[in-house]
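**Student:** Can you keep this structure in mind? I'll have questions shortly.
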Amino acid sequence: MSTTVRPDEVSAILRKHLAGFESEADVYDVGTVLQVGDGIARIYGLSKVAAGELLEFPDNVMGMALNLEEDNVGAVMFGKSTAVKEGDTVKRTGILASIPVGEAMLGRVINPLGEPIDGKGPIETSIRLPLERKAPGVIFRKSVNQPLQTGLKAIDAMIPIGRGQRELIIGDRQTGKTAVAIDTIINQKGKDVFCIYVAIGQKGSTIAQVVSTLEKYGAMEYTTVIASSASDPAPMQFIAPYAGAAIGEFFRDTGRHALVIYDDLSKQAVAYRQLSLLLRRPPGREAYPGDVFYLHSRLLERAAKITDDLETAKKMNDLPEPLKPMVKAGGSLTALPVIETQAGDVSAYIPTNVISITDGQIFLEPNLFNAGQRPAINVGISVSRVGGSAQIKAMKKITGTLRLDLAQFRELEAFSKFGSDLDKATKAQLDRGARLVEILKQDQYVPMAVEKQVAIIFAGTQGVLDQLDLQYIRRFEEEFLSLLEHKHSDILNSIAETGQMDVDVAKRLKEVAEQFMSTFKQKVTA
């Protein structure tokens, strides 16, 4: 018996089947690898790719488009380029390089892409900010007016740093540049300053040592470490500082204070030179590309003190969408870039560039370091162009003549080596200078509260220590500060709370110092 199928039944069955059919297709813009080597890939296609856009290579290797040429795209790879070969397909991601930010990043060690490398599990944060971002415009900034205490007497007294400033730490290798930076981080404990330490092109063992030091002194609670070691590809070392700036900007734009340390930008410039030469960009002075100044200026301009007016702050240029509801006024981002010089040559290309971008420099000298002066700061050529307006009044008052006294001491010291017959005034000046130099010496990882710095420097500039042997200065300092802390804490509290030292406080402090000196001299000479 034959069955007849009615046409309306057929159409109903077809309609039923077609109802569940999805015609959507995933569309990718893809290209083909023409050439690969040394962490660089030349790609055919990707005609609509943006400069700085992330690309996806096979085996989950990420890359970034840097050269947009007529017939190909030059890209750098963040992973192992050995996994990529000629003819491989490359996908556009449609997103620019970004990094996760937020409080969850504190206490963690990450790579420049924001991936944790400390074995403490994934980072729980939903906010991502772009690595590259325009610096705040002039209208959104405020002049530096709050101090950022480093805890180092030589810096806080003569080369003061303010919140929102860019202060360069420059010197030869092994002169204590990283030590100054780490001491500054340790000194921010309890001061509501979030710190970001960016290690660029350093040995893995050195980075591990820095992390363990920060943990030992309880500084990792408010610090993020971005590690791009010497074994990482050059593109990772190139983007590391921008990752640090992005994390710092989150705190800056949400009304808080952040400190970012780039250790060091010389190695970032070398990594960028390597990339540029491999991408066949024309070389300039010292084989660096023509835009190496812009490499550092666009990074360091992101450090700023933001205006206190909330309505103005909310209109800040280039504000990413995730940040807009969280914006608060009055935040700051302070940058301490580090530059390594070769044989003290500050007139080389990268050092002169960064000196001209920053608001001052702390110059560390091997001769001073080897002579036992730590930190080995050359006060003569170190300067802070804007920090003076942020320095507390008490410190400004007592250090007015300190820089001049030390400069004259250095000059007289050089001349005194030629002859032994010195007049009384010259000898007194030499003695005072030697004691001031001794006062400014400080052990590593022992930052000092600003009120204690004021007390001991005041004792030195008032001539209280002039008759004391140099070998006893450090001991006097320890015992004198201990006495103030336990028996005259009101003096220290007054300086700490008001930031000033009025006539009465100065008079009392001098009396206490002189009384203690007389008993101390009896004790050491007995």
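Each residue, glycine too, has its Cβ placed from N, Cα and C.
Summarising the annotation, Swiss-Prot assigns ATP binding site to Gly171, Asp172, Arg173, Gln174, Thr175, Gly176, Lys177, Thr178 and lists sequence analysis as the type of evidence. Here Swiss-Prot flags Ser382 as site 'Required for activity'.
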**Student:** Please list, in sequence order, every residue of the chain apart from Gly171, Asp172, Arg173, Gln174, Thr175, Gly176, Lys177, Thr178 whose Cβ lies within 8 Å of the Cβ centroid of the ATP site.
**Tutor:** Glu340, Leu364, Pro366, Phe369, Ala376
**Student:** Which residue, out of the binding-site residues Arg173, Lys177, shows the minimum number of other Cβ atoms inside 10 Å of its Cβ in this structure?
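**Tutor:** Looking at the binding-site residues Arg173, Lys177, the Cβ with the fewest others within 10 Å is that of Arg173.
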**Student:** Helix, strand or coil at Asp172 (ATP binding site), per DSSP?
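**Tutor:** Where Asp172 (ATP binding site) sits, the three-state DSSP reduction gives coil.
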**Student:** Return the residues near Asp172 (ATP binding site) by Cβ distance under 8 Å, restricted to its own chain and a separation of at least 6 in sequence.
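**Tutor:** The list for Asp172 (ATP binding site) reads Glu340, Thr341, Gln342, Ala343, Gly344, Leu364, Glu365, Pro366, given in order along the sequence.
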**Student:** I need the CA-to-CA distance for Lys177 (ATP binding site) versus Ser382 (site 'Required for activity'), whole Å please.
**Tutor:** 13
**Student:** Roughly how many Å separate the Cα of Thr178 (ATP binding site) from that of Ser382 (site 'Required for activity'), to the nearest whole number?
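**Tutor:** With distance taken Cα to Cα, Ser382 (site 'Required for activity') is 17 Å from Thr178 (ATP binding site).
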**Student:** Measuring Cα to Cα, tell me the gap between Gly176 (ATP binding site) and Ser382 (site 'Required for activity') in whole angstrom.
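**Tutor:** Between the Cα atoms of Gly176 (ATP binding site) and Ser382 (site 'Required for activity'), the distance comes to 15 Å.
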**Student:** List the Cα distance (Å, whole number) between Thr175 (ATP binding site) and Ser382 (site 'Required for activity').
**Tutor:** 15
**Student:** By CA distance, which of the binding-site residues (Gly171, Arg173, Gln174) lies nearest to Ser382 (site 'Required for activity')?
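**Tutor:** That would be Gly171, the closest of Gly171, Arg173, Gln174 to Ser382 (site 'Required for activity').
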**Student:** Which of Gln174, Thr178, Ser382 has the fewest nearby Cβ atoms, counting only those within 10 Å, among these recorded positions?
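**Tutor:** If we count Cβ atoms within 10 Å for the recorded positions Gln174, Thr178, Ser382, the smallest count is at Gln174.
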**Student:** Which has the fewest other CB atoms in a 10 Å radius around its CB: Gly171, Gly176, the listed binding-site residues?
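**Tutor:** If we count Cβ atoms within 10 Å for the binding-site residues Gly171, Gly176, the smallest count is at Gly176.
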